[in-house]
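Here is the structure we will look at.
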Amino acid sequence: MLNSNAIVAIGTLGGTITMTSQDGATGVSSTLGAVDLVQSIPGLAELAVQLRLKTLANLASGSIQFEHLFQALAWAKQQVEDGATGVVLVQGTDTLEESAFFLDMYWPYGAPLVLTGAMRSPKEAGADGPANLLSAIKVAMNPKMRNYGSVVVMSDEIHQARYVRKQHTMSVNAFASPVVGPLGYVQESDILLYRQANERAVLPIPVQYDEKVLLVEAVLDESIELYQVLPKLSYAGLVIAGVGSGHVSENVRNALIPVLEKMPVLMASRTGAGSTTKAVYGYKGAEIDLQSLGVMMADALCPRKARLLLSAILWSADGQRSYIEQALRKYLNTYKTP
């Protein structure tokens, strides 16, 4: 049941949901703010909810930086401290899964943090923005959603930040949670949930976040030139989207040895579903061999989120390699794929 005394704070960062066409311009761009979006929602008046509205930015989601997310996080935390039942953040869908996971790493409250957006602009037939925002509000104000952290709500589906991925460039049903499926659904004025809230690992807010992590995808007949120059570049960590369950070629494996002396290396899988393995394959460049060299495995975390996790841990590690490995394992063990 919905909370009849609910307060939901809505902050907008931009994205397709906010985009309209300018006079004489080609295509659409971000122009609408929080107040504009709320005014476009049919059926909102039927919800017994008090809204707090804030336009935080007007960016295409590919231009969102960590700074913007930390600012949105600070605003969202203040809303909860000031009595909000839940918070909705609106942004573009291109990096929505990354923003949701990033914020989930730092969200310390039982109150839900809900992210949503749209696949079609307000000018298109069948624009999905108003329905998505209405569903997000319903999720944010529902007491069943406490302790799930950050979630994504699109097309009446509720996805946990840990698992959700954008899997289609244009479809309104672009989001899915491979292997585990949606956490639940919005149905009329209520929500249906299919998994209980588990213990969450919350990371400390960093004082600074200068260290950068590079993400590289392993491919057939891959050149090793990038790996050879990587120790001389300014990166503090490396994530590899490995083939299969977390593998690279023997040439890349050999090139990683000096890289590992300079920075931590985290291996994810490029496949889109499933986990990296730990003790199946023993050839050079496979997981047993890579782990013996010091490569860490990302389990079922996708490469993009693995990059965010390694970044967040590096920001708090003060250069201590043992801390990085322990913090990574603790976080991944808390979020084992069901």
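Glycine is no exception: its Cβ is also placed from the backbone N, Cα and C atoms.
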Worksheet item: According to TrEMBL, T93, D94 bind substrate; which of S40, S61, S135 is also listed for that site?
Response: S61
Worksheet, complete the sentence: D94 (substrate binding site) and T16 (active site, O-isoaspartyl threonine intermediate), compared by Cα position, are separated in whole Å by 9
Worksheet, complete the sentence: DSSP assigns the residues of the domain 'Asparaginase/glutaminase C-terminal' (212-316) as 42 helix, 20 strand, 43 coil
Item to complete: Taking the Cβ of D94 (substrate binding site) as the centre, count every other Cβ atom within 10 Å, in any protein chain shown.
Response: 18
Practice prompt. Would you please pick out, from the recorded positions T16, S61, the one with the fewest other Cβ atoms within 10 Å of its Cβ?
Written response: S61
Item to complete: For the recorded substrate site formed by S61, T93, D94, name the remaining residues of the chain with Cβ within 8 Å of the site's Cβ center, in chain order.
Response: G15, T16, A60, G62, Q91, G92, T95, L96, G117, K166
Fill in: Integer mean pLDDT for the domain 'L-asparaginase N-terminal' (8-197)
95
Worksheet entry | Cβ-Cβ neighbours of T93 (substrate binding site) (radius 10 Å) | 24
